[in-house]
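Down below is the structure, laid out as structure tokens.
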Amino acid sequence: QTRGRTGQPRTVELVLVVDHKELYRPVGVRVMLVGLDIWSYRDQVDVSNNPELTLNRFLEWRQRSLLPRIKHDNAQLITGVDFDGSTVGLANTDAMCTSKSGADHNTNSIGVASTIAHEMGHNLGLSHDTENCVCGSLTTKRGCIMSESQFSSCSQQQLSRFLEEVNPACLLDTPSTNRVYGGPVCGNAFLEPGEECDCGTVEECKNPCCNATTCKLSAGAQCAAGECCHNCQLKVTGSVCRPKTGDCDLPEYCTGFSASCPADAYSQNGLPCNSGRGYCYNGQCPSQQQHCKRLWGPGKPVDCRDFSKHGSEFPATMNPEDNYPADLAMVPIGTKCGNNMVRNMLISVLASLLWRPVTCLQILFQVCYNQRCQDMRNLKVYGTDSCSAKCSNHGVRNS
């Protein structure tokens with residue numbers, strides 16, 4: 001942490017810039033600072049001019065020391081060291097929600113914030129922009145974040161791919177606003193203790209239900225935002241605020257007392273779905289074919305084998321005696337097992353794949369879990385109670 005000429009700490013300023021309406025907010029991502037770890041007396045790792053070595057040492061320290069102390073999704077190391085060559089920051093791609101992170105340095109808050117946004121973009125699966133990428137309108141000549149200062153059309157497409165394919169669950173676990181470093185601040189667009197609403201700064205607030213200066217509701221308003229808020233008034237009890245999205249999902253309804261929709265609920269894991277072709281798992285009805293369509297788009301049935309002759313980053317089913325890494329092939333957890341299951345076998349250092357079917361001895365109740373074809377009745381994540389029978393055959397067991 002360093003201080004500018006005004007004597008004010010600039011670390012929090014960096015996060016405010018990264019979370020600014022022109023950086024991450026336009027792509028639906030909020031950046032919340034939940035902690036600072038300041039190395040006042042000595043560095044916790046050897047910080048050198050080699051960016052790769054410094055990053056790897058930092059990631060090892062984060063895994064060993066920081067994560068057990070502070071729950072967080074992403075960590076950034078600001079070094080103040082000039083790395084070799086033209087490198088200003090370094091990060092691993094597709095690393096969000098893992099033990100990977102970014103490292104950067106600079107003496108200017110805007111410059112460091114831009115680098116943090118850039119390296120965090122790599123963690124979110126974004127690559128460097130090309131000349132074909134567009135930021136904003138064609139008439140504005142502003143740089144893109146993955147090249148300079150704004151997210152491009154390419155970055156938005158890559159972010160969508162990352163959220164769809166990698167499915168970083170940690171990003172959906174919104175931290176309590178009580179954990180925001182520095183305490184409540186009116187105008188940061190987070191609803192915090194003591195606030196009735198927060199629509200951002202006076203310049204960016206367009207919500208007639210909220211007073212941006214005081215973070216209090218406007219006269220006559222019952223609410224300012226939320227699925228159960230309409231025209232500054234709470235929706236009536238029983239209004240659907242989150243409809244059912246599939247066999248394994250359940251609808252949610254407004255309570256009449258809160259502007260927020262109740263927590264998302266879904267059917268009990270293990271219930272049959274898709275006309276008996278699968279079993280519910282965390283609100284989804286996973287299948288191999290469905291996963292293929294998510295990867296390569298809708299259309300005629302896709303043969304996954306044709307797309308994976310040179311390796312893949314998605315889970316595989318394996319026999320109990322197999323000991324392959326957990327990031328091979330493409331059978332999502334919870335998929336019903338059967339003759340259509342495939343597994344891969346590494347046969348060379350070039351990761352060429354040889355496919356062969358895996359048949360479970362008992363197809364009924366068998367699911368792919370932790371890269372194994374297992375009986376879901378032996379897995380704690382799957383329910384066993386017959387809720388419907390306990391409720392005169394009208395009950396639905398939720399999550």
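Cβ atoms are placed via backbone N, Cα and C, with glycine included.
Annotated in TrEMBL:
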- E119: active site (ACT_SITE)
- H118, H122, H128: Zn(2+) binding site (BINDING)
- C241-C261: disulfide bond (DISULFID)
- 21-175: domain 'Peptidase M12B' (DOMAIN)
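Across the structure, C261 (disulfide bond) and H128 (Zn(2+) binding site) are spaced 38 Å apart at their Cα atoms.
Cα-Cα distance from E119 (active site) to H128 (Zn(2+) binding site): 10 Å (rounded to the nearest whole number). Restricting the average to the domain 'Peptidase M12B' (21-175) gives a pLDDT of 75. Every protein chain shown contributes to the tally, and the Cβ of C241 (disulfide bond) ends up with 19 other Cβ atoms within 10 Å. Fewest Cβ neighbours within 10 Å among the binding-site residues H118, H128: that distinction goes to H128.
Looking at H122 (Zn(2+) binding site) and C241 (disulfide bond), their Cα atoms lie 34 Å from each other. In the three-state DSSP assignment, the secondary structure recorded for H122 (Zn(2+) binding site) is helix.
Put simply, C241 (disulfide bond) is 35 Å from H118 (Zn(2+) binding site) when counted between their Cα atoms. Of all Cβ atoms in the protein chains displayed, 22 besides its own lie within 10 Å of the Cβ of H122 (Zn(2+) binding site). The distance from the Cα of H128 (Zn(2+) binding site) to the Cα of C241 (disulfide bond) comes to 38 Å.
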